[in-house]
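Shown next, in structure tokens, is the structure this report addresses.
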Amino acid sequence: MKSNRHMDNVSRVVVKIGTSSLMHANGKLNLRAIDQLSYTLTGLVNEGKQVILVSSGAIGAGMGRVGLTKRPEQIQKQQALASIGQSELMTVYQQRFAAYGQQISQVLLTHDVLDYPQSRAYVHNTMEQLLDWGIIPIVNENDTVAVDELDHRTTFGDNDQLSAIVAVRSHANLLIMLSDIDGFYTGNPHQDTEAKLIRELHEVTDDSLKRAGGAGTEFGTGGMMTKLKAAAEILAHHQMMILANGANPSIIFNIMNGEEIGTLFMPKDMSEGMDDDRTVE
Ligand SMILES: Nc1ncnc2c1ncn2[C@@H]1O[C@H](COP(=O)(O)OP(=O)(O)O)[C@@H](O)[C@H]1O
Ligand SMILES: N[C@@H](CCC(=O)OP(=O)(O)O)C(=O)O
């Protein structure tokens with residue numbers, strides 16, 4: 001379905017994929033989803049776009065490796081699982097992207113690295129170089145040294161918010177956030193059968209935050225709340241985000257084609273501009 005969403009001028013895109021889209025419920029990696037993601041992102045690079053992937057899944061992949069079906073509460077266990085799973089995940093990405101001739105790289109970040117101007121500049125320069133070379137950097141939080149995203153009692157960030165920070169700092173035109181749900185609803189559809197999909201949102205209000213609940217699966221972490229906080233960060237920097245279902249990551253092609261998929265978070269003036277001149281800056 002074509003809409004008034006015009007993505008023709010999107011030249012740099014950040015894609016965030018959540019654990020629930022990368023793992024089966026039985027704890028095995030969803031190879032079909034990873035393969036489709038690799039194929040699709042390579043397709044975008046081949047079209048001349050610059051792509052950054054923010055991928056969760058380290059802890060989930062680690063749980064699968066060790067044979068756990070329930071996420072342990074102890075931080076040190078989660079960190080050890082992330083350490084196991086991150087290399088597993090990158091091995092699979094490496095294989096799948098290589099099958100399509102696409103080079104990737106690993107970038108593990110912590111919030112303090114991005115807060116501190118000098119290390120932030122190093123990260124920025126490295127990312128620019130990678131993108132300039134046509135490489136897809138695959139970003140995750142460096143879970144072994146960072147606890148802020150793992151322990152949601154003291155939470156500042158998580159990969160939803162990390163992806164927003166990456167999109168803001170890299171001046172991406174669009175952040176595509178893939179989850180296990182079609183978008184942002186008026187309530188959690190797993191609890192509220194009347195919940196309706198919200199197609200477009202210009203601001204994240206207290207009312208929207210009230211409609212956001214927690215994670216839906218054993219593997220997900222932040223739920224809708226962290227996605228809305230990410231959207232608020234994006235809107236504050238006059239950028240765009242689309243929250244969509246990652247069950248079939250090739251949906252990214254449809255999104256880039258301007259189809260009305262998921263929930264579009266877009267500043268109001270940009271949305272009006274789209275109706276006028278059909279362009280996105
Ligand atoms: N208003 C809402 N709209 C959509 N999903 C919601 C809402 N509130 C809570 N959720 C839950 O958030 C889940 C997505 O977050 P999460 O489980 O953390 O996934 P991911 O691993 O993709 O980050 C949904 O499956 C749903 O259960
Ligand atoms: N860094 C953690 C991801 C934490 C996270 O934000 O997970 P998710 O809610 O699935 O995006 C990992 O790789 O397991």
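Note that Cβ sites are derived from N, Cα and C of the backbone, with glycine treated the same way.
TrEMBL annotations:
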type    : residues                                                  : note
BINDING : K16, S179, D180, T221, G222, G223, M224, M225, T226, K227 : ATP binding site
BINDING : S56, D143, N159                                           : substrate binding site
DOMAIN  : 12-240                                                    : domain 'Aspartate/glutamate/uridylate kinase'
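Neighbours of T226 (ATP binding site) among the binding-site residues S56, D143, N159, defined as a Cα within 10 Å of its Cα, are N159. When the binding-site residues K16, D143, N159, D180, M224, T226 are checked against ligand 1, D180, M224 have a Cβ within less than 6 Å of one of its atoms. Residues S56, D143, N159, taken from the binding-site residues K16, S56, D143, N159, D180, T226, are distinguished by a CB atom under 6 angstroms from ligand 2.
Spacing of M224 (ATP binding site) relative to S56 (substrate binding site) is 15 Å (Cα to Cα, whole number). Looking only at the binding-site residues S56, N159, T226, the densest Cβ neighbourhood within 10 Å occurs at S56. Straight-line distance linking the Cα atoms of D180 (ATP binding site) and S56 (substrate binding site), rounded to a whole number, equals 13 Å. Per-residue pLDDT, averaged along the domain 'Aspartate/glutamate/uridylate kinase' (12-240), amounts to 91 for this model. Neighbour density at the Cβ, taken as the number of other Cβ atoms within 10 Å, is lowest among the binding-site residues D143, D180 for D180.
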